[in-house]
Amino acid sequence: MTSPPPAPFSRYPAGSAAFPHPHLLGLAGLQPWEISFLLDEAERWVDLGRSGAVKKADVLHGLTVINAFFENSTRTLLSFEIAGKRLGADVVNMHVAQSSVKKGETLIDTAMTLNAMRADALVIRHMSSGAVALIADKVDCPVLNAGDGWHEHPTQGLLDALTIRRRKGRLDGLIVAICGDIRHSRVARSNMIGLATMGAQVRVAGPATLVPQEVELLGAQRFTRIEDALDGADVVMMLRLQNERMDGTFIPSAREFHALFGLTATRLALAKPDALVMHPGPMNRGVEIDSAIADDPERSAITEQVEMGVAVRMACLDVLTRKARGAEGWA
Amino acid sequence: MTSPPPAPFSRYPAGSAAFPHPHLLGLAGLQPWEISFLLDEAERWVDLGRSGAVKKADVLHGLTVINAFFENSTRTLLSFEIAGKRLGADVVNMHVAQSSVKKGETLIDTAMTLNAMRADALVIRHMSSGAVALIADKVDCPVLNAGDGWHEHPTQGLLDALTIRRRKGRLDGLIVAICGDIRHSRVARSNMIGLATMGAQVRVAGPATLVPQEVELLGAQRFTRIEDALDGADVVMMLRLQNERMDGTFIPSAREFHALFGLTATRLALAKPDALVMHPGPMNRGVEIDSAIADDPERSAITEQVEMGVAVRMACLDVLTRKARGAEGWA
Amino acid sequence: MTSPPPAPFSRYPAGSAAFPHPHLLGLAGLQPWEISFLLDEAERWVDLGRSGAVKKADVLHGLTVINAFFENSTRTLLSFEIAGKRLGADVVNMHVAQSSVKKGETLIDTAMTLNAMRADALVIRHMSSGAVALIADKVDCPVLNAGDGWHEHPTQGLLDALTIRRRKGRLDGLIVAICGDIRHSRVARSNMIGLATMGAQVRVAGPATLVPQEVELLGAQRFTRIEDALDGADVVMMLRLQNERMDGTFIPSAREFHALFGLTATRLALAKPDALVMHPGPMNRGVEIDSAIADDPERSAITEQVEMGVAVRMACLDVLTRKARGAEGWA
């Protein structure tokens, strides 16, 4: 299924010179047309990935992309590494475990060092909210936020939006229920912002301890019963419950969480009959989501999300480096 | 020394369309001609590796090879990484230490994730026997087993067969003694299966605790005195004694093991005068093998095994991806 | 600023066939013209890195560079990895944490293994002085020392020399003060040797426990008051104080070290008005160096050092592989 032309309010201006942001630090502050533009660009890379054996483009040949991950990650790092390599870039990974950070170097000094190696793009994951923006302020090249603290994870927000848009044909007017640990989730945050920007109606649901009042400032409706949030929803997005939240501080136990908030067939029946089920992974099967739902090819878009992740990251790396490559404008 | 044409029983059929297996999970079940075919293909890459500075082929350009190692490895990972890169693939490594597996994700979910990133080949090492086959069952691309539990390590079996075939000119009819910890060794298992398939006469020897009766089901002769196994052997393959076996459970001590089973000059004299000495590495010098033997360029093929490893892995990656690349048939 | 022609005594011979050393194990033993030659080669790569988006040369296409790091490193590994990739090589990293070394393999066996994979260059970091030379003795390809114990770190010495030469226009006759923990610093050692070879006057200063008498054998003047070393200096090179030295064995505390040996504005005023400030990183701000000095773009060359690091490593990889590539002679 290919995407339709963007909705009018998200149509990007004819004849514009370029995507107007130097970095991708979050979805907050992006215009609808800017998000549409990134999603449209990503579509091209979805097609390339499916077009047979050769998945390679040459657009970043000779450029250096540094993935600096100050927090462990498998999926996101792998996804960015594959994206960079498929675009022809030289990709190097900097792992926190071997990092100078352990030696007491300041974050800004680390940024200056990466910059001095003449990186053409920096992909940064950090455990502190705002750390990526701090780095972006100090370097000469585009910075992509691969997740910072509880703040944002914009490429996850974009890949989720792309997955929904491809399955549902649109984003505006959809009811999207995001369920689970909202408080500690940068995924939830980027999705709330991105989907609301694109005209979707976002609901969030979870235990009261895990759903802060502040979500209403982001345009989301707040529920403490998942059933209310699921009622009539077009999309159900379940979040991963971190093990460290299951120790009694936030919820009594994983079993209790499943009883009250896990996505079961009974609960899913409250949503629209063709409601889409999503999860950013890795899943705790039997905790936040039942296996039968996760594995239902009609309802679940979970593996498609992973595929869209590579395409979205290719699009962001391509678009953000265009200025330096002298390749401004629309592709 | 180059290899002779394959022995009649291992000659592969004229006009065949392709190597008939989608994955390489083990040597069990492969026909003699299929093993011969992979060894013949590997010969080409040995030549390339020795032909000067440029060691690069372009056959996997634009393809993504993911090395997913759920168990630590240096040599095998390095060998597969070099093999993939020399073929022109984009190679990405996923290390267990940062893996979602630690977050409780099921193996199948991990497999689905790797698959959704549109990998063109997955190289998997896992501590559990059968885990690699489980993954292969769930993905769309070729899977290569880089060692699973005590089960198989097929590329090691192939590289050992190639090393022997190049040094001895043939495999059928040779007497090969595999000595040491047979029970816990996937290397021994793949060699027993592969060499027996190719018509060699395989003997295994080790402490009774480390040589299960079941080896006879794989066509090997079982010995509990190394001297009996070495008598008249063409090839002596010593296995690494894992440190965790030396704690008294299986053998009293490393010193005792060396006294009874270590390869000394005296023991080696029982084998044929031109017997070849092999070891999959890393070696415990002075435990399973004496240094003078390991370092004897006439007798020892240990570093040649490493070289053959890269060539064999190039051959397997090339052959298994031919179907998807539309490059079926013999090279 | 580009470099002037080399000083007469460091001019390299007309018509010479090649850089005459197979490895780069240290700066000790190099002739002035050999160091000049490597610096001149590095200048070319500085220009490439600054010349826009495409930073790629094709000179090592098809070659395999293995970075074998037996000791953790972020900056140096990243720098060598970027250097190798920008030259078009296939670069593979071997991390100590997964290494067979932990399984008790000897260093020479590890070297033989890396060699058998037909590496075209080995970049080695090791915690033991002399380990890199031991490996170089056993392999067929060029070996680059990326730091061995307290011995040498020659590419750091070269990148510091290049940074100084570009800023000051020359090396001979300059007064360079190296301050801090001289005893445990391979950086200090390579700089003392390299700069003295190029005709600079090297002073070292630090607490008496950290500045051995033996520095005088390397041609350096020894001071135990930093003020004396700074007096009239053209270049002030501060070393990193390792946390493990601050425990009272070598110095009473970090605070005490700063009080007596930290580079403050007052102390820097003793040096020449245009004295250059350097640090190999990562910095302990407020311990060995004050932030205001580190961040002063006029005085500090700290980020430029990082940039020169990539260029110097490209030059060394290029020059040392020329013989095998049939590309002997000057570029």
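Each Cβ is built from the backbone N, Cα and C atoms, and glycine gets one as well.
TrEMBL: automatically predicted annotations, no manual curation.
Matching C:R44, C:R125, C:R183 to the carbamoyl phosphate binding residues that TrEMBL gives (C:R75, C:T76, C:H153, C:Q156, C:G281, C:P282) identifies C:R125. With every protein chain in view, the residue among the binding-site residues C:T76, C:Q156 whose Cβ has the most Cβ partners within 10 Å turns out to be C:Q156. When secondary structure is read from DSSP and collapsed to three states, C:G281 (carbamoyl phosphate binding site) falls in the coil class.
According to DSSP, C:R125 (carbamoyl phosphate binding site) sits within a strand segment.
Cβ neighbours of C:P282 (carbamoyl phosphate binding site) (same chain, under 8 Å, six or more residues apart in sequence): C:R75, C:R240.
Following the DSSP three-state reduction, the secondary structure of C:R240 (L-aspartate binding site) is coil.
Between the two most distant C-alpha atoms of the annotated carbamoyl phosphate binders (C:R75, C:T76, C:R125, C:H153, C:Q156, C:G281, C:P282) there are 17 Å. Counting other CB atoms no more than 10 Å from each candidate's CB, the binding-site residues C:R125, C:H153, C:R186, C:R240 peak at C:H153. Filtering the binding-site residues C:T76, C:H153, C:Q156, C:R186, C:G281 for a Cβ under 8 angstroms from any Cβ of chain A leaves C:G281, in order along the sequence. For C:G281 (carbamoyl phosphate binding site), the same-chain residues that are 6 or more apart in sequence and have a Cβ closer than 8 Å to its Cβ are C:R75, C:R240, C:I302, C:Q305, C:V306. C:R186 (L-aspartate binding site) has C:H153 as its nearest neighbour among the binding-site residues C:T76, C:R125, C:H153, C:Q156, going by CA to CA distance.
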